[in-house]
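Asker: My questions all concern the structure below.
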Ligand SMILES: CC(=O)N[C@H]1[C@@H](OP(=O)(O)OP(=O)(O)OC[C@H]2O[C@@H](n3ccc(=O)[nH]c3=O)[C@H](O)[C@@H]2O)O[C@H](CO)[C@@H](O)[C@@H]1O
Ligand SMILES: C=C(OP(=O)(O)O)C(=O)O
């Protein structure tokens, strides 16, 4: 298994390219199941999760073709052809490894009139139920049955009717599933209290490029007029706001100066505001965002919330940064009940963090010390990388496969801006 070794204390400076967004890619890929024409996705990040999703599409009968991009380039172009689906099932083995597989439920059901998808179960960061995905699909005409760890869905008469649903709490994944399913319903649908994450906007824009009729994009009320069929399209995945935010924290924690090339400031409001409140200089320019840290970091009070609030996917990275701030910070995690797995690992590096229920108090310390630490989930892993970049001495992060799910060629991007970081393979 691979490990990442970091010798901390280097100030990061230079240009760092931002890849396509994992969380957008994983909802754009299943759109290909909605049409018998090719869907070409550009700017797809080279990530383990994207490869796994490609395999899932293959199992369903779609072909995936990657167009030649040079190895030194970031991102790639994939064309998915789902002329005919040969299966309507997403099995446990795949859904268990990649939670986003649940996003094939809506598209398969819409296209084939039936689908059978494994229930994903929980994961390291919390329980992650799918009841809202099911309720929303039911509201637009799906008939559902859950048995033996699978949900079996069917559309009476082979096509969903459309309908109205109001989410009791905001759910990104459930909004994505129901929007994809409603796009080709017989009638129209109205989805209230929909998630407004930029990745949902990206999904809606891609569906519109495929011929869908969606009003209210970017708002909490989506009105979708079902169309008889969707056609192929070429669509570029949005820049990864969480990757960009993570590298902004890397600039901040090393007292550095990074140009995040391709980052979209308009999607990163809460993250950029929090950085500025901590004393970091953030400047938007034609190519992306420049993040400069030339003063000691100040403490923050942050609470995660659905977009446009402060993203749960940025909580761990900010915690690493605030571990070195001048004062005590308070972080509250409202989305997932168990997203503090990085706390004991940061503690091994000298951070002073006390968790009580959903709130963590982070008392800034003058320095962190390199240690052997273990990645437990994607963003927790990034928080350990950030701590390692700033720590005295060597940090070894094991279980790197978590990082490979969400950060395209992390060690390459970081060494290019001055980090002393390498991947070591134990064979
Ligand atoms: C609102 C929010 O910040 N969502 C995050 C969530 O999306 P993801 O789509 O994984 O999760 P949801 O947005 O669906 O979950 C939001 C909340 O709703 C609850 N829930 C969800 C679905 C359901 O059927 N029943 C139910 O009760 C969840 O337990 C959670 O407390 O994790 C992703 C990966 O970290 C992040 O990128 C998203 O930003
Ligand atoms: C937890 C994340 O992803 P996933 O939902 O794919 O596990 C994430 O992107 O931070």
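The backbone N, Cα and C atoms fix where each Cβ goes, glycine too.
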Asker: Which of these, 93, 313, 326, 352, does TrEMBL say binds UDP-N-acetyl-alpha-D-glucosamine at the same site as 99, 128, 129, 130, 131, 132, 335?
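Answerer: Record check against TrEMBL: UDP-N-acetyl-alpha-D-glucosamine site with 99, 128, 129, 130, 131, 132, 335, extra candidate from 93, 313, 326, 352 is 313.
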Asker: Long-range neighbours only, meaning 6 or more apart in sequence with Cβ under 8 Å: which ones does residue 99 (UDP-N-acetyl-alpha-D-glucosamine binding site) have?
Answerer: 120, 123, 128, 173
Asker: Under 6 Å from ligand 2 by C-beta, which of these binding-site residues make it: 99, 128, 313? Sequence order, please.
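Answerer: List returned for ligand 2: 99, 313.
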Asker: Nearest to residue 22 (phosphoenolpyruvate binding site) by Cα distance: which of the binding-site residues 129, 130, 132, 313, 335 is it?
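Answerer: The answer is 313.
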Asker: Calculate the distance in Å between the alpha carbons (Cα) of residue 313 (UDP-N-acetyl-alpha-D-glucosamine binding site) and residue 23 (phosphoenolpyruvate binding site), and round it to a whole number.
Answerer: 10
Asker: Any of the recorded positions 22, 123, 129, 313 with a C-beta atom under 6 A from ligand 1? Give them in order, or none.
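Answerer: Only 129, 313 meet the Cβ criterion.
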